[in-house]
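What follows is a single structure, written as structure tokens, with notes after it.
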Amino acid sequence: MSWAALLGLLAVLLLLLLLLSRRRARRPGEPPLDLGSIPWLGHALEFGRDAASFLTRMKEKHGDIFTVLVGGRYVTVLLDPHSYDTVVWELRTRLDFHPYAIFLMERIFDLQLPNFNPSEEKARMKPTLMHRDLQALTEAMYTNLRTVLLGDSTEAGSGWQETGLLEFSYNALLSAGYLTLYGVEASPRTHESQAQDRVHSADVFHTFRQLDLLLPKLARGSLSAGDKDHACSVKNRLWKLLSPARLASRADRSSWLESYLRHLEEMGVSEEMQARALVLQLWATQGNMGPTAFWLLLFLLKNPEALAAVRAELKHTVWQAEQPVSQMTTLPQKILDSMPVLDSVLNETLRLTAAPFITREVMADLALPMADGREFSLRRGDRLLLFPFLSPQKDPEIYTEPEVFKYNRFLNPDGSEKKDFYKDGKRLKNYNMPWGAGHNQCLGKSYAINSIKQFVVLLLTHFDLELGSEDTEVPEFDLSRYGFGLMQPEEDVPIRYRARL
């Protein structure tokens with residue numbers, strides 16, 4: 001062996017000894033500490049491979065709170081839903097989401113905003129997504145869903161069309177959402193402008209989808225050289241498609257877009273960075289609706305009883321309306337709010353497939369009180385992680401047969417929404433958490449729910465839809481998506497559909 005090789009080996013051994021000598025020890029009052037067997041890396045490989053399975057094993061070993069070493073970071077994981085409120089409503093001076101959000105914003109979207117304050121941004125966006133302008137957004141989304149779905153079906157004719165269910169759902173919802181938030185070709189609309197809207201929004205979707213597929217690797221910094229080149233090309237294309245200059249000529253732009261662009265200009269953000277911010281917002285506002293609709297429709301197609309119940313509810317609701325759905329230019333909120341069966345199906349779908357990480361950076365040494373009276377010390381500089389996918393959403397103590405889709409799980413016997421779920425004999429406040437909670441709950445929740453329900457209504461009233469094969473199975477999750485919102489399937493599910501004449 002050469003001297004160079006020996007020196008290299010010695011350096012590696014010295015580095016390992018240094019890392020081992022600096023390994024953290026658990027202090028009195030702290031959660032159980034699990035460092036794994038690999039210095040510095042700790043459990044990073046297991047966590048990245050399948051976070052849900054890894055955290056399930058850790059919970060079985062240590063209980064509902066523990067600290068693990070993951071790639072040089074100490075992450076305290078809390079899996080007691082009774083104690084979540086303590087975390088999600090804690091002051092930012094103690095537990096803060098912002099540093100992690102800024103880290104992901106820069107790593108995934110190459111976005112740097114001067115004096116960025118997520119709380120101020122949320123306050124600016126809240127009226128345009130939740131209260132003042134929600135009705136206008138909902139009406140515009142319905143119009144654009146009709147443009148995307150019914151225009152395509154008219155052009156395609158009455159025959160059966162074959163595609164993938166995820167491709168179909170994701171394309172329709174993101175395309176319509178893009179037109180709703182970022183504007184349309186012309187107003188008033190013509191057949192020609194609507195055809196251009198379909199082409200342009202489909203281009204946005206297919207380009208965005210390429211970035212979406214790379215998102216987990218971008219977040220973890222694990223892109224190959226080829227992936228990096230592809231990601232760079234896709235981002236540049238999206239920045240051009242969503243540049244403020246290109247969007248300036250679009251009609252019927254949402255008040256959300258106008259308000260957000262004013263906010264960026266007031267911060268002194270360059271047009272280049274504004275385009276990057278708009279790509280980020282496209283993902284934040286639209287990235288989960290398509291996958292949600294995919295799982296919801298798949299569960300309905302695999303469960304005839306559930307599909308029949310939704311159809312019966314829709315028929316009853318529409319019968320009470322003043323005109324048939326096929327003639328409605330808008331779907332009134334009172335109709336959307338009168339679908340408890342569809343609401344239960346949506347909640348059950350989200351329970352089974354929504355798997356975001358709720359993270360906070362520990363800004364100061366603090367004591368974390370648990371709902372059962374215990375108290376644990378957290379260290380400044382660590383990260384705190386909640387994973388509601390494991391508990392409450394898949395907790396067998398809360399839900400019987402938690403792996404099974406039950407369309408009426410969130411319905412009481414009288415047909416009203418069920419909200420009473422229990423763990424350890426106590427009623428849960430947080431029994432299903434697909435939208436986050438506390439200071440960082442999703443602002444677009446109502447808009448997203450309305451959009452998904454409108455999509456399902458249009459699909460069931462205007463199309464025949466069936467699986468490509470009777471023995472189609474529900475696909476496994478793409479395990480790399482844990483932590484990023486809605487799970488996506490390992491592979492798409494073939495379907496066929498046709499417009500009803």
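Note: Cβ is positioned from N, Cα and C throughout, glycine not excepted.
Note that the structure is a prediction, hence the values are computed from the model and not measured.
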Per Swiss-Prot, member of Arg132, Arg311, Arg380, Arg383 binding substrate alongside Arg107, Leu113, Asn288, Thr359, Arg360:
Arg383
How many whole Å apart are the CA atoms of Arg383 (substrate binding site) and Cys442 (heme binding site)?
21
When you measure from the Cβ of Thr359 (substrate binding site), how many other Cβ atoms are you left with inside 10 Å?
21
Which number gives the other C-beta atoms within 10 angstroms of the C-beta of Cys442 (heme binding site), all protein chains shown included?
19
Let me spell it out: for each of the binding-site residues (Arg107, Arg360), count the other Cβ atoms within 10 Å of that residue's Cβ, using every protein chain shown. Which one has the most?
Arg360
